[in-house]
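K.L.:
Pasting a structure here, questions to come.
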Amino acid sequence: MKIFSIFSLLLLLLLPILASCHEKQVYIVYFGGHKGEKALHEIEENHHSYLMSVKESEEEARYSLIYSYKHSINGFAALLTPHEASKLSELEEVVSVYKSEPRKYRLQTTRSWEFSGVEESVQPNSLNKDNLLLKARYGKDVIIGVLDSGLWPESKSFSDEGLGPIPKSWKGICQSGDAFNSSNCNKKIIGARYYIKGYEQYYGPLNRTLDYLSPRDKDGHGTHTSSTAGGRKVPNVSAIGGFASGTASGGAPLARLAMYKVCWAIPKEGKEDGNTCFDEDMLAAMDDAIADGVDVISISIGTKEPQPFDQDSIAIGALYAVKKNIVVSCSAGNSGPAPSTLSNTAPWIITVGASSVDRAFLSPVILGNGKKFTGQTVTPYKLEKEMYPLVYAGQVINSNVTKDVAGQCLPGSLSPKKAKGKIVICLRGNGTRVGKGGEVKRAGGIGYILGNNKANGAELVADPHFLPATAVDYKSAMQILNYINSTKSPVAYIVPAKTVLHSKPAPYMASFTSRGPSAVAPDILKPDITAPGLNILAAWSGGSSPTKLDIDDRVVEYNIISGTSMSCPHVGGAAALLKAIHPTWSSAAIRSALITSAGLRNNVGEQITDASGKPADPFQFGGGHFRPSKAADPGLVYDASYQDYLLFLCASGIKDLDKSFKCPKKSHLPNNLNYPSLAIPNLNGTVTVSRRLTNVGAPKSVYFASAKPPLGFSVEISPPVLSFKHVGSKRTFTITVKVRSDMIDSIPKDQYVFGWYSWNDGIHNVRSPIAVKLA
């Protein structure tokens, strides 16, 4: 009894402390920008003083401080109770206090550069001055910072052979940790850091069997994105099974790379579901990247739900990066095809959608009735004979599987008695594409067909399956099911895959790419641009399998994966090339050059389509498919400064993101930001906006305006002719968009319609998309 009483007393004493610990969470306390030049220790002491004002002791205040941000935002991340966070938010100098949400941010998951007009190889004796890589000296000495899951330094894509000294502007470090030390950095990988305090605050100490406590990549994603942006040229590489063989190269092969590992494996979840990246860790990484001296930041990370700018850590960190003239490229997200699903919608970020390249991995399905359906795969496995029994997954399930998931081949759903020796067709939906094939193999199936659902349309993702397999589009899947249901003994054969170049049409938009309009800032047309993101080959981690599934023990040096995560570093690499050619250009000028020079046509001369073959629109591709060579000489650019972005925020109702900047009494329209596109979400009659062009082409030039108005609207540009007397000269014009009274009945209700306006001098065509919706 006495022991029990002492235990009860201790429990009563500890309960308030335990409750308090449970109540505490990480919050970001944001003051805006830094005022004046303060020493780093002064900034940290200042942040500590704010914690002292809400904590009971100095020890508790110091313990609670997780990060003090010194180079980008003025703010800190700390362990606070909701009451403490509320008290700090009431202070006049505090812009915002927001909670770090676990799983708020996740990673968005060769031939692509050649397809995009950047030649992968130049003849040794070639003196073609127009070649982008030659003009940019292959991105020599431009520094690309990547926020991701780490990298695999032994990859040939990160060789520093022949590279000169590390640029003197570099101030970063090579941080040691698990299986990683300073020798893993070189003249290619010039920096590597990791950020885990936020992650460990939520999940506890990292499980070192799940991930490396270091910049080393145990996932593959970070290695893939880094090598896509700035990997070296590596001949004779291919994916598993020998697919996509050739020379792998990043966009800027002589650029330097710095990895900022901010994304980590989620405990008790499969790697295939993606890593998680915490607000406070990403802000710390961007804080360091700015101080380290990077020129470009590539961030293939996004949110499931669009975030307001004052609670979006990527947007806040990127704003201060852009202030230092760093280009920030971010993925649009993989939540398509639904509208308004975009991540990273801030106008100071280049937001990138995903599209295809002209390469396919064809593996047709032949049915017993002779019909043949095109499929794609990169599985290295082949069927021995020509025909095998064919079944629909719903016909060979275990008795406990519910009807709503019967055809989806989820783990443990198939009956080995019914599936053994058969080709099984499974439908997309829940579960992973490769995991479904793993279930077919577990149940003894001899082959696997992955059928698209309606939302996926004709988009075919090539996966390295565990058995002979292929993926077919929605129409083909339905016809195969009809054959099974109408035939007594259905049979099929899966033809071994082969790599086919110059496939048509290409590019088309991936169905997974997130769409506009922006839910956060509908006055800014997003995404900005599209780049290759479907079936992209790049370097991979030796600590991860090609599928990232637990049941996969294969190891590869290069891997094919898909996502806006893959398109984002394409634009990061292109931005590095443009930085090398035009080192004084602002981030906005580089974004403008990419948007206004982008292409709208596929390789059969028609408008870019979606995965189902329907015409795509600027809410999928922005200005179009990126053409880096054209962007190097855009003629004119729409420039914007840090102050312009603050004025935009004022007009959008966000007045204190930088406390040192006072919003004007009379606010402009948000769509008056000098942006290379135009979005008008609720037009009632007439809207007039202004734009300013800067000449970056011929010293003396004359440009003429033209427009293709959206259906039911008129577009007037004034003045219609602009003369530029020298490089750097600026000219302002207005765009008036008006409802045509004679066509108002033809305008779709509650829908956007699209058009274009352009400036042309006979050499350059500076084109901008328009999106308009009636009020």
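Cβ atoms here come from the backbone N, Cα and C positions, even for glycine.
Pulled these features from TrEMBL for this protein:
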type	residues	note
SIGNAL	1-19	signal peptide
DOMAIN	26-104	domain 'Inhibitor I9'
DOMAIN	139-622	domain 'Peptidase S8/S53'
ACT_SITE	Asp148	active site, charge relay system
REGION	214-233	region 'Disordered'
ACT_SITE	His221	active site, charge relay system
DOMAIN	388-480	domain 'PA'
ACT_SITE	Ser565	active site, charge relay system
DOMAIN	672-772	domain 'Subtilisin-like protease fibronectin type-III'
K.L.:
Who are the chain neighbours of the region 'Disordered' (214-233) in space, where the CB to CB distance is under 8 Å and they lie at least 6 residues beyond its ends?
P.N.:
107, 109, 112, 120-121, 139, 144, 146, 148-153, 155-159, 161, 175-180, 184, 188, 192-194, 247-253, 255-257, 259, 261, 263, 265, 271, 275, 296, 298, 300, 536, 538-541, 543-544, 546, 548, 559, 561, 565-566, 568-570, 572-573, 576
K.L.:
Within 10 Å of the Cβ of Asp148 (active site, charge relay system), how many other Cβ atoms are there?
P.N.:
29
K.L.:
Let's see if you can do this one: DSSP helix, strand and coil counts over the domain 'Inhibitor I9' (26-104), in that order.
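P.N.:
Looking at the domain 'Inhibitor I9' (26-104) with DSSP, the answer is 28 helix, 23 strand, 28 coil.
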K.L.:
Compute the average pLDDT of the predicted model within the domain 'Peptidase S8/S53' (139-622).
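P.N.:
95, rounded to a whole number.
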K.L.:
Taking only the Cα atoms, work out how far His221 (active site, charge relay system) lies from Asp148 (active site, charge relay system), in Å, as a whole number.
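P.N.:
Cα-Cα distance, His221 (active site, charge relay system) to Asp148 (active site, charge relay system): 7 Å.
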K.L.:
From the DSSP assignment alone, can you count helix, strand and coil residues within the domain 'Subtilisin-like protease fibronectin type-III' (672-772)?
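P.N.:
Reading the DSSP string over the domain 'Subtilisin-like protease fibronectin type-III' (672-772) gives 7 helix, 60 strand, 34 coil.
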K.L.:
Quick one: Cα separation, Ser565 (active site, charge relay system) versus Asp148 (active site, charge relay system), in Å?
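P.N.:
Computed Cα spacing between Ser565 (active site, charge relay system) and Asp148 (active site, charge relay system) is 10 Å.
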K.L.:
With DSSP helix as H/G/I and strand as E/B, how many residues of the domain 'PA' (388-480) fall in helix, strand and coil?
P.N.:
30 helix, 21 strand, 42 coil
K.L.:
Is it possible to list how many residues within the region 'Disordered' (214-233) are helical, extended or coil according to DSSP?
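P.N.:
Per DSSP, the residues of the region 'Disordered' (214-233) fall into 10 helix, 1 strand, 9 coil.
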